[in-house]
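Peer 1: Have a look at this one.
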């Protein structure tokens, strides 16, 4: 995409480069990759828009810069169309109910189970009436409260009548119609003659430019970018550019206070439907210090404002007159408000899983799970907990029927860890027909001698060794002595029948292992796994400091290899290889005085030159390993080799694991594109001109099938591959990441990595910070809990089945997800579809079983179980949806489409699905009301916000500063993200720091991601799980600056100084409570994420500020993409089109 007119592109580091060092002068300062053939970019942000003077007074908006009120959900939109109150229902569910109340058999729900009931439809919603031939009337009529539909979540204590009435008064958001304005005018912006000065931070077009013609504003234009395009020079901040509906149908978002409907009179005169003043007062400025532009009633220039009607147009229908009121962002659905409401109502409580289809608290809420039959939501979360009974109902609602599975998630220390069950040589008890494992959902019959499977209804004999009598309720008397009968998650020790057969081709092993019914599986237990470190020893790796830094820290990291609970020392063996055009293997046998190097130069046919002494335990060969790591930097300090190979490196590691007959992981450290003559050689095919076009997909498809084939071979052996990239230019992440993707591995990327303290081209601050980020990522990758050689299968009860899987893995058939390794941070999404009609009475059951090898070499089975309700009404479905899980799945589906679809098609499909979901709700669940009202389901009121964030994200759209490699890298990251990570990635967390209390240690309440929320005298921390920024306003209290930075003013903070941050990449430790508080908060947030986030300091109006603003996702995107308000208006138009 071409840069915007009149806007000098600021420097943006790479994505987590986005954390990377700035590129050398003359290279593109995007997310890290250079743009061949393009002129150097200037750091000319200060020479950009003319409006970058000191900010003037800001509009006096309520709650400016403060977190939204927590006293109730924001009004301003209809919750449930008049038949659902804001807030949560007061269900009868009690936490910690005794297990005796739990009935896992088929039949009616247990007495304590939550029953959803829908009351009679509430009265239709109305607009405030205005008198004929005059201004809007000030009287506002308040109707009776709306009837309640219970929500799927327990709620806060009942509100007082006054509070309830206030909530009911703020239920609706009206979007009134409007006729076409004067010729040449477009919706959302005043005519060119009345165009006010460009507002802060927005580029200004050349003289004579005007708003785009109305013909170009039909819905979101099909541009080359993933978000809405820039149609000519962008207008002022408050123009509704982007997703502008046609002017004849434009709905202007206003506010309603009445819940009672009256017929609208037909008359001529003043505009009707005036919704009252919910934005800034008429005297408020239109932007940062800008004079108010002309407009009706002095209300000019607010976002979403219609064009003023000329005096001669007098005979207008009231419905077609725009409301002068601006949509107040405080009164549209807020992610922050939803998170805080859930924390208030359910935070710190116990969540007992003994009820079928009970919705858990949000992933952002801190709670304790008591496993009483359904698995902990940390392991599995459903997109809906009331799934539709029929396929027709599912197709109509368009809500994904999916599950996000994180089978090895770490539990809180206060929660019970999984029990390990050993049935001896007999192995786990299973259903004879579908092979489901024994679980709390199985029903015992005939006095306990047989059990009926909840998944396929087959009746199976109970083994004599497993028999127990039943009590008067039909439950076994030993239910609490057997975890598989009482808990939703548990592990079995796998018998030898579940171990891979080593004597036959490896491709047949996964099916034999999971099925465990074949007779040719031998009884070979697995060997302990191995870690092999494969380090590039080239001119680049020595010059940028990666090789000596890695050798220095690896000695200590080897003492922290993962081990089983109770193990004193890790069973994992380690090996070492260095490479450039050739491969160097090292014999580090403990009996040697010095390590021995063996060179393999025939990279076309790689072989392992030694068997004994290549893989050793750290304990037996500590002295030899230390000696090797000390010698490696010296051996290659004078190398001039620049070409490297990659394919033979992975092949060598695979051959080593095959020779040792074990699973394991390869850690590959690489700096450049593999250009050496060897298998897997790649060419530079980067062409940034294709980004955003229909040919974009060719850049993200692998340029060769070599790495895909190699990845499949690795999976068969249980060989996982993690690659650490240190590129200065294009390295074709889309191709090399295939081997990571298929094996369940991870790709890390550090653009322009360097340890040089001073250099002409690089920011000195990056040196220590980048090195620390790399070492912290490596430490996390080595230490985190991991399993190997895993096969996952998802079983369901009759009527529906899994049909699609999303994540980083390989599937050789339609049922088994094969993972060479899987750690505690990786997730897999599963999509289901109907085979038959489901029963509301019986419900739906899901069992996820993972067969794996532990770090000690033990073969185990981990089982997770989940039961869901089934429903036949749309109302029940829509109030049981898990919004965060839905967006995790939708975003992964969109990212997967990038390699075989066009940006326009992906964007349109995602928006169409969003509109269909909300239109179906409006049609089937909401009370009759005016088409001018946008009605959102309570559980999915954030859907438009999330969809807009996904459309604007760098993984899907990518701006002018995002390189091809960064896009491919972010797509790879997103593919295996869990729900919490994807939520923060698309909607970053923005925390105010200027009002921190030094005597507390909690994380402050976040604020909404918009520039309007930032105060000049504030300091804010923004993080999205990949990057972290600290934004400092120009008028921050000097005492705060002195306490945290040790200087007296904001201007004295040297953001380029290497001493600004300490060696851990955190603010310097000063001897005062506030300094310690800020440092601890940064560390606390980093500890919550799976990768180290580099802290970037950004001053207000500094050159890096546009990069920071890129993550303020509620605002209009710098490189295309609608603001939240504009997208909400567009979604309302699409919904109305579908309904009409």
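Yeah, the Cβs are placed from backbone N, Cα and C, and that goes for glycine too.
A TrEMBL annotation is a machine prediction, not a hand-curated record.
Reproduced below are the annotations present in TrEMBL:
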- 1-20: compositional bias 'Low complexity' (COMPBIAS)
- 73-84: compositional bias 'Gly residues' (COMPBIAS)
- 92-106: compositional bias 'Low complexity' (COMPBIAS)
- 113-141: compositional bias 'Low complexity' (COMPBIAS)
- 163-179: compositional bias 'Polar residues' (COMPBIAS)
- 211-229: compositional bias 'Low complexity' (COMPBIAS)
- 279-296: compositional bias 'Pro residues' (COMPBIAS)
- 304-313: compositional bias 'Low complexity' (COMPBIAS)
- 428-466: domain 'Zinc finger Sec23/Sec24-type' (DOMAIN)
- 526-762: domain 'Sec23/Sec24 trunk' (DOMAIN)
- 788-870: domain 'Sec23/Sec24 beta-sandwich' (DOMAIN)
- 883-982: domain 'Sec23/Sec24 helical' (DOMAIN)
- 1002-1061: domain 'Gelsolin-like' (DOMAIN)
- 1-334: region 'Disordered' (REGION)
Peer 1: On the DSSP side of things, how many residues of the domain 'Sec23/Sec24 helical' (883-982) fall into helix, strand and coil, could you say?
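Peer 2: For that range the per-state counts are 66 helix, 3 strand, 31 coil.
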Peer 1: Can you tell me which of 428-466, 788-870, 883-982, 1002-1061 gets the most C-beta pairs within less than 8 Å of the domain 'Sec23/Sec24 trunk' (526-762)?
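Peer 2: Comparing 428-466, 788-870, 883-982, 1002-1061 against the domain 'Sec23/Sec24 trunk' (526-762), the winner is 788-870.
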Peer 1: Could you put numbers on the helix, strand and coil content of the domain 'Sec23/Sec24 beta-sandwich' (788-870), residue by residue per DSSP?
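Peer 2: Secondary-structure breakdown of the domain 'Sec23/Sec24 beta-sandwich' (788-870): 0 helix, 54 strand, 29 coil.
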Peer 1: Looking at the domain 'Sec23/Sec24 trunk' (526-762) alone, can you tell me the average pLDDT?
Peer 2: 94
Peer 1: Per DSSP, what is the residue count of the domain 'Zinc finger Sec23/Sec24-type' (428-466) in each of helix, strand and coil?
Peer 2: 6 helix, 11 strand, 22 coil
Peer 1: What are the DSSP helix, strand and coil residue counts for the domain 'Gelsolin-like' (1002-1061)?
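Peer 2: Across the domain 'Gelsolin-like' (1002-1061), the residues distribute as 14 helix, 12 strand, 34 coil.
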